[in-house]
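Have a look at this one.
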Amino acid sequence: MKQTKTKYGKMKQMVSNLKLPDYRYEQLTKAIFHQRIDNFDDIHILPKALRMSLVNEFGKNVSSVIPVFSQDSKQAQKLLFELTDGERIEAVGLKYKQGWESFCISSQCGCGFGCRFCATGSAGFKRNLTADEITDQLLYFYFNNHRLNSISFMGMGEAFANPELFDAVKILTDQNLFGLSQRRITISTIGIIPGIQRLTKKFPQVNLAFSLHSPFESRRSDLMPINKRFPLNEVMKTLDEHIIHTGRRVFIAYIMLEGINDSKEHAEAVVGLLKNRGSWEHLYHIDLIPYNSTDKTTFKFQSSSAIKQFCSTLKKAGISATVRTQFGSEISAACGQLCYENEL
C-alpha cells in the first residue's frame, strides 16, 4: 500500500512536506483518536499552517461521511450517511445490556451480487467505498462518544469484492489510529474465494463469517448467484484451509426462509456438509438467523419453534449452533434490510 493512499498517509506526507518534525503527525493522530476532535481547526496544538493545509485538503471535519437520517430503537441505531459525491450508505450501531457496543458497517454503495433474500442487492451496485469512507463510518460513532468494542463488515456490499477492504482493516488495526484488535473485527462474505485466501495470509486473527443459506449447490445457486462462480464445495475447502492455517473458528450464517431451506432434509444436509471434514471441524459454528422481511423481497419469516427444531437437529449431530438474537428489525436495521431508502 502506498503511504499516501489513505488520508492518514496523506496527513503524514503533509507534515513532511511542510518540513515539520515527525511528532506533529503523532499529535494529530492523538487529537483524533485520544481526544476525539473532529474539527481540524480545533486541534490547537498543531501549527496554524498545518491546520490550514488539513482543512484545504480534507475539509473542516476529519470524518468525511455526513449523517442525513437516523432511526433509533431500544438497542439499535441506524445511520444513513451521505458521501462527498452524493452517494449514500447505511451503518448500524448496536448496544447490548452488558454495555458492549458493536457496529455493522458498509463496504460498498449497494451490491451487485443479487442474493434474492437481501434488500441491499435490489438497489444494484453503485461503487466501492474507499478505505477512508469505510473507516469514517466508525469515526462518526467514535466522535459521538461510542465505544468501538466490535466491528462487523455486514452492512451494504460484499467486503471481499472491494480492493480497499484490506487498507481499511490496516487502518482499524493500526495501534496509532483506531488500535483495534483483529479479533474484534468480523468480515462476512458470500464466498469470494480469493478474498478469503488473502484474509488468511494478511489478517489471520480477523473473524470470518460465511453466508451459507443452503447446503445444496443448485438451490444455493438459485438463492445466491455467486455460487455458480464459486461453488459451495470449493468455498468449503478454502474455509478448511483458513481454519487449518489460523486455528480460528469460522461462523456460518444461515438465514431461515420458510418453505425454502428450513426442512429436516436441509438440516441433515448441513450436518453432512460439516461432519467428517477433519480434526478442525469443531471450529465451524452455525449461526441461524430469523429472516427479516422487507418490501424488496418475498420470503416469509420462519416460526421460532421451527428454527429451534432446526437448531436441535444440528446440535444432536454434534454441530455447534445457536440462534442469533436480532436487534433493529423494527427500524429495518437487521440482517438483509439495509437499502438506503430513508431521507429527511
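Every residue, even glycine, has its Cβ placed from backbone N, Cα and C.
Given the structure is predicted, the values throughout are model-derived calculations rather than measurements.
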Looking at Swiss-Prot, which one out of Ser181, Ser188, Ser263, Ser320 binds S-adenosyl-L-methionine in the same site as Gly157, Glu158, Ser211, Leu212, His213, Asn292?
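Record source Swiss-Prot; matching candidate: Ser188.
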Listing them in sequence order, which of the recorded positions Glu90, Glu158, Ser211, Leu212, His213, Asn292 have their Cα within 10 Å of that of Cys118 ([4Fe-4S] cluster binding site)?
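Among Glu90, Glu158, Ser211, Leu212, His213, Asn292, the ones whose Cα sits within 10 Å of that of Cys118 ([4Fe-4S] cluster binding site) are Asn292.
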Based on Cβ atoms within 10 Å, give me the single least packed residue among the binding-site residues Cys111, Cys115.
Cys115
If you count Cβ atoms within 10 Å of each one, which of the binding-site residues Ser188, Ser211, Asn292 comes out on top?
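Result for the most crowded candidate: Ser211.
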What is the number of other Cβ atoms found within 10 Å of the Cβ of Glu90 (active site, proton acceptor)?
25
Can you check what DSSP calls Cys104 (disulfide bond), collapsed to helix, strand or coil?
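For Cys104 (disulfide bond) - judged by DSSP and reduced to three states - the answer is strand.
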Near Glu90 (active site, proton acceptor), meaning Cα within 10 Å, which of Cys111, Cys115, Ser188, His213, Asn292 (binding-site residues)?
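Within 10 Å Cα-Cα: none.
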If you measure every Cα to Cα pair among Gly157, Glu158, Ser188, Ser211, Leu212, His213, Asn292, the residues listed for S-adenosyl-L-methionine, what is the largest value in Å?
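If we measure all Cα pairs in Gly157, Glu158, Ser188, Ser211, Leu212, His213, Asn292, the largest is 19 Å.
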